[in-house]
Amino acid sequence: MQMTTPVDCAPALPGPLPRRHSRAAEIRWGERLVRVGGDAPVCVQSMTNTDTADAIGTAIQVKELARTGSELVRITVNTPEAAAAVPAIREQLDRMGIDVPLVGDFHYNGHKLLQDHPACAEALSKYRINPGNVGQGAKRDTQFAQMIETACRYGKPVRIGVNWGSLDQDLLARIMDENAQRAAPWDARAVMIEALITSAIESARKAEEIGLPGSQIILSCKVSAVQDLIAVYRELARRCDYALHLGLTEAGMGSKGIVASTAALSVLLQEGIGDTIRISLTPEPGAPREKEVIVAQEILQTMGLRNFTPMVIACPGCGRTTSTVFQELAARIQSYLREQMPVWKTQYPGVEDMNVAVMGCIVNGPGESKHANIGISLPGTGESPAAPVFVDGVKVKTLRGERIAEDFQVIVDEYVRTHYGAAQAKATAAE
């Protein structure tokens, strides 16, 4: 057997590249402040799919998204009825104790809606403007300016969100004409990327000329192809220091949408690009809207960028694990942990860092369980019908019988109270 040559230097330490420096935007509602950019952690946001004119239905969905962990929630403002409902939505949320900032999503007629409904303009914490459909020709500059002036008047930050499906056609024609003059013209993909970036940066600079501080501007350039999104944001990050909103538009449904969004965003986040993310999933019929929030959180948490909820480590199963017990227990514990987080995150600071291992056999079960804060190694096929439990690397007991799931959940609860509750009590006593 050939021996490998020893190396003198240690392996490179894992981790993302340093975050790209950007100006920090501040999005407020009441006492709630969400910073996007600067040294703030990457922010998770989402969008409702209700009819905004239905104030009660929209407020209920915003509440669910916020309780799941969305730090900003965007709502469509597309009609006078929707604009008129925004103050009622905000009021209803405030009554429910939900202070998540609301972002108004405007297309085509945003300038008029904000002008005709000042209460809407005030109730929103941020505006999203699409420079591709704010108006055509001379009207474009006037209507864009009207929206920016409203943002300045009420002190609201703005996301200038460019989308390849609604790109400013006049600008695209200009970029194509410039490309035709090159000795070696770019291909169509490069022209499209250049048009997206140019639209975003030129619009941002115009907004600054009107009076909106650059620190209150967030940019996005969304496309639906993974490699195009990566290329667009790499170049956009190189050319400006505005905060950046990441998202793969029209990512799709189910596993395809999750995989595509993860493939694109994880590359950019690993390179230090991105200040806020939204996962644009097409929901399955009847599926909860909160799925997009959970996916966004799991991307950030699995990359080690932020922690939101205790994570369950579980093996995939194999011929040694013909029983479904460990699968059912893993799903049950993960659901339980997420359900508890709205209460735990205030009562037990740091609990979001906890790892729980639910393993299916003796091969990796005990070892993986020892590395977690709490771990259980369930018996595989042909193994003794016993499940050793490990706490902080030490075997504390062995569970048997029909109530393994219930008994393990009690151990998890006790660990949270004794470890994270003690830390909270100590911090309170020190104040």
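A Cβ is built for glycine as well, from the same backbone N, Cα and C atoms used for every other residue.
Under the DSSP three-state reduction, Cys318 ([4Fe-4S] cluster binding site) is assigned to coil, being neither helix nor strand. Positions annotated as [4Fe-4S] cluster binding site by Swiss-Prot, on the basis of sequence analysis: Cys315, Cys318, Cys361, Glu368.
Taking the centroid of the Cβ atoms of Cys315, Cys318, Cys361, Glu368 as the [4Fe-4S] cluster site, the other same-chain residues with Cβ within 8 Å of it are Pro316, Gly317, Arg320, Thr321, Phe326, Met359, Gly360, Val363, Asn364, Gly365, Gly380. Within the same chain, residues at least six positions away from Glu368 ([4Fe-4S] cluster binding site) with a Cβ under 8 Å of its Cβ are Ile313, Cys315, Ala357, Met359, Gly375, Ser377. The Cβ of Cys318 ([4Fe-4S] cluster binding site) lies under 8 Å from the Cβ of Gly360, Cys361, each on the same chain and at least six residues away in sequence.
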